[in-house]
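Marked as domain 'ABC transmembrane type-1' by TrEMBL: A:62-252. The transmembrane segment annotation in TrEMBL covers A:7-27, A:66-87, A:99-118, A:130-153, A:174-200, A:231-252.
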Amino acid sequence: MKKRTIVPIVYILFLMLPIYWLVAMSFKTTNEILSGFSLFPQTFTLDNYKTIFTDPSWYWGYINSIAYVSINTVISIAVALPAAYAFSRYRFLGDKQLFFWLLTNRMAPAAVFALPFFQLYSAVELFDTYLAVALAHCLFNIPLSVWILEGFMGGIPKELDETAYVDGYSFPRFFATIFIPSIKAGVGVAAFFCFMFSWVELLLAKTLTAVAAKPIAATMTKTASSAGYELGLLAAAGTLTIIPGAIVIYFVRNYIAKGFAMGRV
Amino acid sequence: MKTENQKAWFFVLPVLILVAFNALIPMMTVVNYSVQETFGDNVFFWQGLDWFQQILRSDRFHAALGRQFMFTFLILIIEIPLGIAIALSMPRKGFWVPVCLVLMALPMLIPWNVVGAMWNIFTLPDIGLLGYFLNHVLGINYDMTQDPVAAWVTIVTMDVWHWTSLVVLLAYAGLVSIPDAYYQAAKIDGASNWSVFRFIQLPKMKTVLTIAILLRFMDSFNIYTEPFVLTGGGPGNSTTLLSIDLVKIALGQFDLGPAAAMSLIYFAITLLVSWLFYTVMTKDDQT
């Protein structure tokens, strides 16, 4: 029994090593990084973080990223809830085909869409806005949300709907005050996945923005190429992008595994 | 039982409009480009299926496709068994479960280009932790900007680091849903660990593993950002996977026609293989 616990420990160590290195780098001065190898920061410095928090072109990157990720999550969940309800409760013309078609969009290579997306969002004059990135990410997040939510709704007995109807609840009131609270774990998991995809995706986000809505991740690629080897700064920016994910995952830790299992293929 | 109700379409309508706006219009743009030639200024000439023939016959496409299949094959053959093994050895309840889950899920929440940058810093020959260890402690000559084998080992290791946790989480979700009574029955029958795995755990994990294989296939087949940031497709073309090549043609050379034709072929392959996987994996359920 005890021998088995070695495996997860070794695996987690393997996962933490590159992250440790990134964090360690972020506390080193450029001089120390370039002068040679050191396992721990010798001249501990917070300058890299100070640069990021005082330079608008850096910290606006974070604000932009968080803005379009939030908008995307809200839109995705808001439209996916009624759709998932329809798929889980009713049969209607073309329901299976529609469900499958939605999922095929999850399979589309983002690289295929980069250029047409640029043209589409330029044509509707949304280029370089939060809304453009948020809407573009909907292509991948809505199908996933519908899929996850439908799985959770399938676990709620239909009697709940009928009882509420008999008790004289109108549909919107039933949906908002009884149904959604009873699948709030599912909403949490779906929101988590929307957040996750929108936060980590870069190709589309970068293609659809120039200055005003540029994501933090794109700011990093620019710095890496233009400012030469400012590794410490890059590492500090990278470290800061891990934090929102870590916070979000902490909140849904008890539901992640369940969220996967309840979806159906 | 589900009731027949055509009005349910109204519930689906917002999703339909949003996804159609994002999927159909760009898709039509791609189809348009794929059958036309342009010299700029928005003047187009009908080209028929020439681009498709050109792409399907080009050595460059074959090479990129070959590398892509190789990459995806390696990813699946490593990540799926490894993920199952780790899930099997994880504790089922107690204080350590959420700790394990949070730590394991962490790599999946890091922006993809940060993953690339992080592995770049990690593997720098003289100042990266792994690069230094390999070069100066073990004495292996390791430099992925020079050596294609090292570059391949690095991008595969990076993907294993990034995505094995997805398989672990899925397999784990399947495992915890097995009632204790199954294990007790197996114990009474004197079943070996292997038979418990083969006849109880594996069948119970089948659905989640199907999802795991499908997701890992789709995502590794469409991968772009991480290897691009890490190796830029090099050294030479040795790690130029399909998406990297596609972006090079579309945005680098601005050859819209061939890029569009390639996009459609690419998407068709992804759909076809996903469908084949799905049909094979769920075949037993229908009989």
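Here the Cβ of each residue, glycine as well, is placed from N, Cα and C on the backbone.
Predicted automatically and left uncurated, TrEMBL annotations should be read as such.
Sequence-distant contacts of the transmembrane segment (A:66-87) (same chain, six or more residues past either end, CB-CB distance under 8 Å): 95, 99, 130-131, 133-135, 137-138, 141-142, 145-146, 149-150, 153, 175, 179-180, 187, 190-191, 194-195, 198-199, 205, 213, 215, 244. The stretch from A:7-27, A:99-118, A:130-153, A:231-252 with the most CB pairs below 8 A to the transmembrane segment (A:174-200) is A:130-153.
Counting same-chain residues at least six beyond the ends of the transmembrane segment (A:231-252), those with a Cβ under 8 angstroms from any Cβ of the stretch are 19, 22-23, 25-30, 33-34, 45, 47-49, 51-52, 58, 62, 65-66, 188-189, 192, 195-196, 199, 216-217, 219-220, 223-224, 259.
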